[in-house]
Amino acid sequence: MEAILMIGVITLCVIFLLSGRNNKKIQEARELEDYLEDLNQRIAQRTQILSELNEVITNRSVDKSVNMSACEIAVLDLYEQSNIRIPSDIIEDMVNQRLQTEQDVLNYIETQRTYWKLENQKKLYRGSLK
């Protein structure tokens with residue numbers, strides 16, 4: 001009888017130890033899953049940063065023949081297709097600004113066109129010439 005009791009106690013101890021190991025393995029698996037999820041989030045963030053940097057590099061690349069960036073050339077092509085002439089003063093100032101995106105270039109050109117339109121509409125006062 002004592003032998004059966006000993007075997008029962010040993011069996012319970014073995015079951016208890018094995019269940020403890022399984023809990024540790026489950027906990028380790030959860031920790032690894034959390035770590036992998038964190039790594040995937042980091043990879044997604046780094047991929048987004050990399051794509052933004054690639055876009056900046058593309059926008060900053062300068063065409064040596066005209067000394068303008070790709071986004072400036074693209075916006076000027078849009079104006080050319082629309083048969084809108086841009087004064088050379090605006091283009092020279094735009095090149096010196098080194099704008100980053102096509103939207104920035106477009107906004108700058110439109111602002112300058114509005115300014116020069118208003119400036120060119122000014123009239124000389126009649127009493128100024130005598």
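One is the number of the first residue shown, and numbering goes on along the chain from there.
A Cβ is built for glycine as well, from the same backbone N, Cα and C atoms used for every other residue.
Per Swiss-Prot, the feature coiled coil maps to 18-57; the stated evidence is sequence analysis. The average pLDDT computed over the coiled coil (18-57) stands at 85.
The annotation region 'DNA-binding' is assigned in Swiss-Prot to 70-130 on the grounds of similarity to another entry.
Sequence-distant neighbours of Arg113 (site 'Involved in dimerization'): residues of the same chain at least 6 apart with a C-beta under 8 Å from its C-beta are Ile86, Ile90. Swiss-Prot lists Arg113 (among others) with the feature site 'Involved in dimerization', giving similarity to another entry as the kind of evidence.
Residues within less than 8 Å, Cβ to Cβ, of Trp116 (site 'Involved in dimerization') and separated from it by at least 6 positions along the same chain comprise Pro87, Asp89, Ile90. Summarising the annotation, Swiss-Prot assigns site 'Involved in dimerization' to Trp116 (among others).
In sequence order, no residues are near Asn120 (site 'Involved in oligomerization and DNA binding'), counting only same-chain partners six or more apart with C-beta under 8 A. Residues or ranges marked as site 'Involved in oligomerization and DNA binding' by Swiss-Prot: Asn120.
What Swiss-Prot lists as transmembrane segment is 1-20, and the listing cites similarity to another entry.
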Tertiary contacts of the coiled coil (18-57), defined by C-beta under 8 angstroms and 6+ residue spacing from its ends, are 100
